[in-house]
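Notes to accompany the following structure.
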Amino acid sequence: MKRYFIAGNWKMHKTIAEAVALASELKDKLADCKEKLMIAPPFTALQAVSKIVEGSNILLGAQNMGPEESGAHTGEISVLMLKDLGVRVVILGHSERRHTYGENDELINKKVRLALSHKLEVILCVGETLEEREHGMLENVIRRQLSEGLKGVELSALKDVTIAYEPVWAIGTGKTATPEDADAVHAFCRQVIAEMYGKDAAKAIVIQYGGSVKADNAAALMSKENIDGALVGGASLKAEAFVPIAKFR
Ligand code: PEP
C-alpha cells in the first residue's frame, strides 16, 4: 500500500512554548498514523521540538539551510547545526525563498547537494507563478527548477529527495489546483525525472502537492496517481487542521 508523505511547514510562526504545545499534541494524536510525517518548526524552536518528537513517528524538518558548512555567513544556519539538533529533512527552494528572498536555482542546487552529502533528506520545492502559468511557461519553469535544482545529484542520492509541486498562486491564498491539474503537473515532473534518471527513479520518487491543502481537499488530491503526499503551510499550524490531513484515509 502506498505510504504518503505529509509534511507541515510552520514558516515564521510559533514561539518555543507554542511549538512545544503543538508538537506534543501532534505526537499524541498522530501516534497511530502510518503515513510518513514531518514537521518543520522555525529554527528557534528546533531544539525544543526535537526533544518532543524524538523516538516518535514524526520527523524533524528545517525550513531552509545555508549553502556552506560554516564560515562568515551572518544570519545563516548550517547543515551541521541542523544535524546537531536532530533535523532529518530540510525544505529547500520554497517559493517564499525564491520569490521573496531572491534565491535562484544555482543557490538552491548548492544547498541541495550539501544537504544530501550530509545525509539529510531534501524536499525540493518547485512551482510556477500565476504569470508564468498564464504565459504558457509552466513546463519550462518546472523543467528548469528540477534540472538545475538537481544538477550534480547522483541517482544513488535521489532516494533522499522528495519533490514538492507548489504552484505559487495556490500558496496561502485559499486557491488550490484541482486534483486533475495538480496530477498533470506531477506527471510532468515524473517525465523530467525519467529523462534525468530513468523510468524506475521517476516511478519511485515521492512528489508532494502543496498549496492550500486542507482536510476537505486532501483526500481528493491524494487519490490521484501521481500525488504522493502534501506539504502543508497554514493548515499545519493547528492540530485540528493538520491531523485530519495526515489521517485523510
Ligand atoms: C507552503 O508554504 O508550502 C504551503 C503550501 O502553504 P499553504 O498550505 O498555506 O498554502
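Counting starts with 1 at the first residue shown.
Note that Cβ sites are derived from N, Cα and C of the backbone, with glycine treated the same way.
Automated prediction, rather than curation, is the source of TrEMBL annotations.
In the three-state DSSP assignment, the secondary structure recorded for G234 (substrate binding site) is helix. Summarising the annotation, TrEMBL assigns substrate binding site to N9, W10, K11, G172, S212, G233, G234.
In this structure, H94 (active site, electrophile) belongs to neither helix nor strand by DSSP; it is coil. Under the heading active site, electrophile, TrEMBL lists H94.
Under the heading active site, proton acceptor, TrEMBL lists E166. Taken residue by residue with DSSP, E166 (active site, proton acceptor) is part of neither helix nor strand, so it is coil. The C-beta environment of E166 (active site, proton acceptor), restricted to residues of the same chain at least 6 apart in sequence and closer than 8 Å, consists of H94, S95, C125, V126, G127, Y209, G210, G211, L231.
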Neighbour count (Cβ, 10 Å) for N9 (substrate binding site): 26
